[in-house]
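Database features, via Swiss-Prot:
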type	residues	note
DOMAIN	2-295	domain 'FERM'
MOD_RES	Ser74	phosphoserine
MOD_RES	Lys79	N6-acetyllysine
MOD_RES	Lys83	N6-succinyllysine
MOTIF	115-120	motif '[IL]-x-C-x-x-[DE] motif'
MOD_RES	Tyr116	phosphotyrosine
MOD_RES	Cys117	S-nitrosocysteine
MOD_RES	Lys139	N6-acetyllysine
MOD_RES	Lys165	N6-acetyllysine
REGION	375-409	region 'Disordered'
COMPBIAS	375-401	compositional bias 'Basic and acidic residues'
MOD_RES	Ser407	phosphoserine
REGION	466-518	region 'Disordered'
COMPBIAS	476-487	compositional bias 'Acidic residues'
COMPBIAS	492-518	compositional bias 'Basic and acidic residues'
MOD_RES	Ser527	phosphoserine
MOD_RES	Thr558	phosphothreonine
Amino acid sequence: MPKTINVRVTTMDAELEFAIQPNTTGKQLFDQVVKTIGLREIWFFGLQYQDTKGFFTWLKLNKKVTAQDVRKESPLLFKFRAKFYPEDVSEELIQDITQRLFFLQVKEDILNDDIYCPPETAVLLASYAVQSKYGDFNKEVHKSGYLAGDRLLPQRVLEQHKLNKDQWEERIQVWHEEHRGMLREDAVLEYLKIAQDLEMYGVNYFSIKNKKGSELWLGVDALGLNIYEQNDRLTPKIGFPWSEIRNISFNDKKFVIKPIDKKAPDFVFYAPRLRINKRILALCMGNHELYMRRRKPDTIEVQQMKAQAREEKHQKQMERALLENEKKKREMAEKEKEKIEREKEELMERLKQIEEQTKKAQQELEEQTRRALELEQERKRAQSEAEKLAKERQEAEEAKEALLQASQDQKKTQEQLALEMAELTARISQLEMARQKKESEAVEWQQKAQMVQEDLEKTRAELKTAMSTPHVAEPAENEQDEQDENGAEASAELRADAMAKDRSEEERTTEAEKNERVQKHLKALTSELANARDESKKTANDMIHAENMRLGRDKYKTLRQIRQGNTKQRIDEFESM
């Protein structure tokens, strides 16, 4: 039995290991990968490897894996990557896994600066990436530093602004909070809808020369071929849609494109190496095939996939709505519980206050009772003294009469009797005054006692009212092929039909232009980052982008502009570059 070969395939978020036979073809390995990860939109993807010369190459599906220039390592290493890009992610990418694989690959290209992304867009994209990873922002869970382990912005953007890690996190967090209620899958799609408007998104660049020998860039993408000047890969100067091309071929380093317009000359350029022309041919054929397919009715398979995706999305939305409803109910129950606890605490505090007031009133009552007793004792003492004084007065009266009688009996001298009479009269007068004073004091004590008695009655009534307040009960708790590398020439006929005239891509607008919310966010971020920007660290791409913005250009306006005039005019323009 032939010895098996170990293979390791790295997708954007997983590592897969397989054991293949020496006669296993590229297609068999590819099919095994897509089956393992559950991917059905296979036409966008391919398997990439590093050949023995160090170049990254796409695995040919119609040849044996071992017959290709794969480095003889163990295991054999491959990357599962998007080879072709959709025109419109929201219309073409059906499965969640397809969207996620594109999201992860595009995000990596942006972070590595393989796709130029302006700072304000980079921050907004970062917030969608965070929403897709963490879901809704929750201050109880997402504490300060929760993004410390995430790579979210291109190094260029970090170096161009005088902001530390915490300040970047604060800005991304603000926009993360803005996405509350957005499904993670929707955040992935929103990221891609904005990213697909970036000028370098989905473009494969190749260094070429025209007949004059001018060094230029050829950009191959989902919409056609574009020509760029050597120092500007953001702004194409000439464009040829796939619908204008009928044949592509190369002979060694010379590449020839034959337009559908018979009056137009051939479009000829030169690549530095034969292998580059092979790769250009393969990309042209694949992108042209997908361009034509999009302009035809969906196949039964695609219709079924879309129907299934709609059903799955509807199911997720229902589940989400159910979860949100349960969450709201739980939050309401928590709030109600907190309210009851708060009311309970307030009532307990009120009860405590009433108890303190009752205790204080009781103490005052006891004090008033004690004082009333003291006053009663004082009154009795004053009354007793008054009675004593009255008795003494009576005795004095009797003594006076006795003296008078004695004077008669003893016949004392008039002077002595007068003296004694004067003394007795003075004594009687003093006693009378003392008696009146004591009676007055007794009356005063009687009035004070009466007032105390009234206060006592009033306090007893208040106490009775306080004690009668009812007790408050406690509340209840609640996925063509590159040509054979041995051939120095190859040709491909790019079939066209009535659908070829459909150039609807020229009518497209950017997500920021369509979506007021995105437009508003980008405007706010531009303003917010302006003060922290270090102008001395601007790159050539930054300056090109700024100039394009100043002139009101975007990816689709530029596309319309570079396709103006007939094919011959544009080819002549290319030759004169």
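Using the three backbone atoms N, Cα and C, a Cβ is placed for every residue, glycine included.
Lys165 (N6-acetyllysine) sits 34 Å from the residue listed as 'N6-succinyllysine', taking the Cα positions as reference.
Within the motif '[IL]-x-C-x-x-[DE] motif' (115-120), the DSSP-based counts of helix, strand and coil residues read 2 helix, 0 strand, 4 coil.
Neighbour density for Lys79 (N6-acetyllysine): within 10 A of its CB lie 17 other CB atoms from the protein chains shown. With Lys79 (N6-acetyllysine) as the anchor, the candidate modified residues are Tyr116, Lys139, Ser407, Ser527, and the one with the nearest CA is Tyr116. Rounded to the nearest whole angstrom, the C-alpha distance between Lys139 (N6-acetyllysine) and Thr558 (phosphothreonine) is 43. In this structure the alpha carbons, written CA, of the residue listed as 'S-nitrosocysteine' and the residue listed as 'phosphothreonine' are 17 Å apart.
Cβ environment of the residue listed as 'phosphotyrosine': Leu198, Glu199, Met200, Arg233, Leu234, Asn541, His545 lie under 8 Å away, each six or more residues apart in the same chain.
Rounded to a whole number, the C-alpha distance linking Ser74 (phosphoserine) with Ser527 (phosphoserine) is 52 angstrom.
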